[in-house]
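Report on the following structure.
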Amino acid sequence: MFLVGLTGGIASGKSSVIQVFQQLGCAVIDVDVMARHVVQPGYPAHRRIVEVFGTEVLLENGDINRKVLGDLIFNQPDRRQLLNAITHPEIRKEMMKETFKYFLRGYRYVILDIPLLFETKKLLKYMKHTVVVYCDRDTQLARLMRRNSLNRKDAEARINAQLPLTDKARMARHVLDNSGEWSVTKRQVILLHTELERSLEYLPLRFGVLTGLAAIASLLYLLTHYLLPYA
């Protein structure tokens, strides 16, 4: 099994593309959802955040107040790095657990929905394939203005706050162009899924794990049938 990192930009159509992958039966892990999950009360990251940033980052119900925490780290790289040092290891642990579940269920690949895949680069080394949902800037701007009822200035400000899609497209192994008709984009998704399903890149890991399990089973057999009876 191998990992596919999927990203896009605001109003590029990433959510719609993910829905198509899910309809095709693909395994999808939303890293943003996972990041919110690991800071829930009772989890190690939640405890460490309170220890480091204080109880003022808590809501009345004990959840992390994301706005207050965001304000605390805004324009403060040291604090942001400290928060990342708390949350990123926990996110990776959850990612590994979820990925292993899909491995046991026989999936050939797992898609990780990672909004900041190329900005942070933290998870890039784990990705066998990278995919960007792209659209040209004029299309992106028009969609964002229509979807969020924004004027041109505000929409441009939101787009400019992100890494340009053209830059992401240059860094990605696969580009799904969502600039035109949705039927064309959907066809691209189906073709990419077919390509990934046919890939043999999942075999080395699966073979290695199965070999390891076979070795453990053989050892247990020897212990129970030959060594333990004479102990």
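Glycine is treated like the rest: Cβ placed from N, Cα and C.
According to Swiss-Prot:
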type    : residues                             : note
BINDING : G8, G9, I10, A11, S12, G13, K14, S15 : ATP binding site
DOMAIN  : 3-207                                : domain 'DPCK'
Using all protein chains shown, find which of the binding-site residues I10, A11 scores highest when you count other CB atoms within 10 A of its CB. A11
Just name the winner among S12, S15 (the binding-site residues) by count of other CB atoms within 10 A of its CB. S12
Cβ neighbour count (10 Å, all chains) around G9 (ATP binding site) is 25
By a 10 Å Cβ neighbour count, the lowest-scoring of the binding-site residues G8, G13 is G13
On the 0 to 100 scale, where does the mean pLDDT of the domain 'DPCK' (3-207) fall? 93
